[in-house]
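J.: Following this message is one structure expressed as structure tokens.
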Amino acid sequence: MKIFINGFGRIGRCVLRAILERNDTNPKLEVIGINDPANWEILAYLLEHDSVHGLLPKEVRYSNYKLIIGSLEIPVFNSIKDLKGVDVIIECSGKFLEPKTLENYLLLGAKKVLLSAPFMGEYDEKQYPTLVYGVNHFCYQNQAIVSNASCTTNAIAPICAILDKAFKIKEGMLTTIHSYTSDQKLIDLAHPLDKRRSRAAASNIIPTTTKAALALHKVLPNLKNKMHGHSVRVPSLDVSMIDLSLFLEKKAPKDPINDLLIEASKGVLKGVLEIDLKERVSSDFISNPHSVIIAPDLTFTLENMVKIMGWYDNEWGYSNRLVDMAQFMYHY
């Protein structure tokens, strides 16, 4: 399987690291190119030295438009001119979010496109599906362009799918307690859209927006107009937490809810949902590959209401789902 990565920021680099890690035990994924307009000497340095995920266990260097990782050589570019031979291009730049702009990759020769973000603009949802691996990826019908949704949607969708099937969700509210990201400011500096995101990310708790709950119906259609939420950005480099409050049609005691989630973690959602029984904190989940990690002691119920809290590495977990989805699209 031949993969091309466009955009070599936090997610692009994590995707490559995830592929390298998998290829150590099962070498089936070939990255045949990476594109980013930045300086490749610096990008090579950032791949090897990561403040969150640590030092890559192989030496990385750049030479003559090649990223050299140990004995592996990957062609790199500052612009894309040809994608012939590419099975799946994973779009990680954050620049191209409308499906029509992603069609340019098909014109350049790529067979399929996977977007590492929700789609923007108006589009045909059947032609351009939003898929969450483990929840609705089986709805894939060989479409050429797919959105992998957001890291937060990947975290809440497995939980909502299980509880809606068992208890029927009437409505819900989400708070994602989210590590700060590159769309925030290191010091107080004007943000183009959001006053609060203009404030120093590492010094403040910053309420802002999230589309994860509103977009959930694209993955679970029966939850349309039933979910809302917001984000609270916190001074943490990585790992976030969902605080999901749901009002159910049926009374939902704590133990049966936790039992359902534990059962799913061992079965249909193995590798996607994990259970934490050790009362861990955020730094313990750095580089955890699951979409969400549920802490059963943080499940609370009151009559028909339930609150569930779950951790997720918003970089590494999501990047692993991108690789899973790319492989699924290729083998379809």
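Placed from the backbone N, Cα and C atoms, the Cβ positions cover glycine too.
Annotations per Swiss-Prot:
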type	residues	note
BINDING	ARG10, ILE11, ASP36, LYS81, SER116, ASN314	NAD(+) binding site
BINDING	SER150, CYS151, THR152, THR181, ARG197, THR210, LYS211, ARG233	D-glyceraldehyde 3-phosphate binding site
ACT_SITE	CYS151	active site, nucleophile
SITE	HIS178	site 'Activates thiol group during catalysis'
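Mind mapping these onto the model and telling me what they sit next to?
T.: A 10 Å cutoff on Cβ-Cβ distances gives ARG10 (NAD(+) binding site) a total of 23 other Cβ atoms nearby, all chains included.
Spatially close to ARG197 (D-glyceraldehyde 3-phosphate binding site) yet at least six residues away along the chain are ASP183, GLN184, LYS185, HIS191, ILE206, THR208, ARG233, judged by Cβ distances under 8 angstroms.
Residues near CYS151 (D-glyceraldehyde 3-phosphate binding site) in space but far in sequence (CB under 8 A, at least 6 apart, same chain), listed by position: SER240, TYR312, ASN314, GLU315, GLY317, TYR318.
Counting only same-chain residues six or more apart in sequence, the Cβ atoms lying under 8 angstroms from the Cβ of HIS178 (site 'Activates thiol group during catalysis') belong to THR152, THR210, SER231, VAL232, ARG233, VAL234, SER240, ASN314.
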J.: Determine the Cβ neighbour count for SER116 (NAD(+) binding site): the number of other Cβ atoms within 10 Å of its Cβ.
T.: 27
J.: Just the number: how many Å between the Cα atoms of ARG10 (NAD(+) binding site) and LYS211 (D-glyceraldehyde 3-phosphate binding site)?
T.: 20
J.: Which is it, of SER150, THR152, THR181, ASN314: the one of these binding-site residues whose Cβ has the most other Cβ atoms within 10 Å?
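T.: Going through SER150, THR152, THR181, ASN314 one by one, the largest Cβ count within 10 Å is at THR152.
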J.: Among the binding-site residues listed here, ASP36, THR210, ARG233, which has the most company in the form of other Cβ atoms within 10 Å of its Cβ?
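T.: Counting Cβ neighbours within 10 Å, the top one is ARG233.
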